[in-house]
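Novice: Submitted below is the structure of interest, expressed as structure tokens.
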Amino acid sequence: MQIIHTIRELRTWRENIGKVAFVPTMGNLHEGHLALVREARKRADNVVVSIFVNRLQFGQGEDFDKYPRTLQQDADKLAAEGVAVVFAPDEKELYPNVEQRYNVEPPHLQNELCGKFRPGHFRGVATVVSKLFNIVLPDVACFGKKDYQQLAVIKGLTEDLNFDIEIVPVDTGRAADGLALSSRNRYLSVGERAEAPRLYRELQAVAESLKQAGLDYAGLERQAADHLTAAGWLVDYVEIRRADTLEMARAGDKKLVVLAAARLGTTRLIDNVEVGLP
């Protein structure tokens, strides 16, 4: 496995390589990331994993400075999974100008759900992913469903900007108690970690109610948010949306997703549950 730090070196490697599957990450890899890598390995012999903590997708007061940087440990895990290349550029390599002069602006989605609470986040995601797509030139790229809104943004930009890349969604990795795997779980105290699976349970409860012909979407959303608030969470949102577009759900929609974001102590957690109705 090679660890490559420059765009020029990666492009030289890419010239003589066939099909490539790509997994973009910010490092501090856990089992959820490795599940993406394993899916990528099924799709192509050559897998590239990027490790880059992208300043553009962090807002003021967020955890950019304390986000864990664990390149050597990550590289060891990826080597064991048969990854061909780790692309680990520094900030000046990916953003040679003091500021990124041109950005990819997602449409309405960047101001809804998580975008409402993290201004500029999805612009940062869309911009860095577009840059990485242009650098790596993958045939396939794998993204986790835990970041459901991010996945929708990536699907949209891939289609609208004519990237010839197959986007592969991968199911959310979970701990035994249901908590979605996340690099930020390490911020949780022991007590918070014990409480954290409640988020998934509340979303599951909403999903079950929807399957029982529960069309009072606002009531179900409010009930789940109230349960979380009563347990000490600070809720950003619980919302039921169309799974394909993340537009507001309406009666008659068959494929839905229940999404939530909430803070437990100082840690912001997100999760979602897909729902298929008959």
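A Cβ is built for glycine as well, from the same backbone N, Cα and C atoms used for every other residue.
What Swiss-Prot records for 26-33, 144-147, Gly173, 181-184 is ATP binding site. The active site, proton donor feature in Swiss-Prot is assigned to His33. Annotation comment: Swiss-Prot describes Gln57 as beta-alanine binding site. Look at Swiss-Prot and you will find Gln57, Gln150 tagged as (R)-pantoate binding site.
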Novice: Within 10 angstroms of the C-beta of Ser183 (ATP binding site), what count of other C-beta atoms is obtained when all protein chains are considered?
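Specialist: There are 18 such Cβ atoms around Ser183 (ATP binding site).
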Novice: Report the member of His33, Lys145 (the recorded positions) whose C-beta atom has the most other C-beta atoms within 10 angstroms.
Specialist: His33
Novice: Please report the distance from the Cα of Met26 (ATP binding site) to the Cα of His33 (active site, proton donor), rounded to the nearest angstrom.
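Specialist: Here the two Cα atoms are 10 Å apart.
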Novice: Would you count the other C-beta atoms found within 10 angstroms of the C-beta of Gln150 ((R)-pantoate binding site) for me?
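Specialist: Counting Cβ neighbours of Gln150 ((R)-pantoate binding site) within 10 Å gives 22.
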Novice: Check each residue in the chain of the residue listed as 'beta-alanine binding site' that is at least six apart in sequence and keep those whose C-beta is under 8 Å from its C-beta; list them in sequence order.
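Specialist: Gly120, His121, Phe122, Gly124, Val125, Val128 - these are the non-local Cβ neighbours of the residue listed as 'beta-alanine binding site', listed in sequence order.
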Novice: In sequence order, which same-chain residues at least six apart have a C-beta under 8 angstroms from Leu29 (ATP binding site)?
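Specialist: Sequence-distant Cβ neighbours: Thr70, Gln73, Asp74, Lys77, Leu78.
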Novice: Could you find out if DSSP has Ser183 (ATP binding site) as helix, strand or coil?
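Specialist: Note: Ser183 (ATP binding site) is helical by DSSP.
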